[in-house]
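Record features (Swiss-Prot):
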type: BINDING; residues: Asp11, Lys33, 60-69, Thr117, Arg178, Gln187, 207-208; note: substrate binding site
type: ACT_SITE; residues: Lys62; note: active site, proton donor
Amino acid sequence: MNDSRIIVALDFSDQGTALNFAATLDSRLCRIKVGKELFTLAGPQLIEKLMRLGFDVFLDLKFHDIPNTVAAACSVASSLGVWMINVHALGGSKMLLAARQALDGKRTRLIAVTLLTSMNHDDLSELGISGSPEIIVQRLALLAQRCGLDGVVCSALEAASLREKAGKDFWLITPGIRSSNDNRDDQARIATPTMAIRNGASYLVIGRPITRSPDPLKALQRFNDEIVSAL
């Protein structure tokens, strides 16, 4: 496994394009995230092909179901050889514990999703959830930590307070990373790599600023250089 802090979101709608794009990257400089659309389309064979290219794979399926179902899904996902999988912290402690126990003795890391980065205070109010996104994220992150998970997904804006509360060994995975001149797209809580690293982020998920770049490898190298400078 490499020690890169970057996870490239492989958000493509067909397997061929995804694999061709991945082949343009350097597996020493990043890991790869495969989400629902691409995995539903291409299945486990895609994971195997990405691993043959040398990539550690984050299988981003955000499991959220009854404990037994999530535990079984986590076990199967781990058998694919992926580096990391995730579940929704809103599934509660029983579900989180079941997922954690399903991976005991296995190499696959387990993290929890707190709040989606597209959600803001108005979205929470609409769902009847009181409190700011920061408060809800902290509550869910600490629940995941108590249940033995390796880390959580959170925005870079919440990373500083979470790092202080959760300690140095708890992974903070931050999507919504953009350079200062990138489009915000549909992410409400975004940050630059420098801000994310200084706030305590462990890994940065970067999608469109790399996948839509005219020169993806150059963009990846630029982001890596910024991270190294921030460390």
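Glycine too: its Cβ is placed from the backbone N, Cα and C atoms.
Here the structure is a predicted model, which means the values were calculated and not measured.
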Close in space, distant in sequence - Leu61 (substrate binding site), Cβ under 8 Å, 6 or more apart: Gly35, Lys36, Phe39, Ala73, Ala77, Ile85, Asn86
Separation of alpha carbons, the residue listed as 'active site, proton donor' and Gly207 (substrate binding site) (Å): 17
Integer Cα-Cα distance in angstrom, Lys62 (active site, proton donor) to Asp11 (substrate binding site): 15
DSSP state at His64 (substrate binding site), helix/strand/coil: coil
Cβ neighbours within the same chain of Asp11 (substrate binding site) - under 8 Å, at least six residues apart: Gly35, Glu37, Leu38, Gly207, Arg208, Thr211
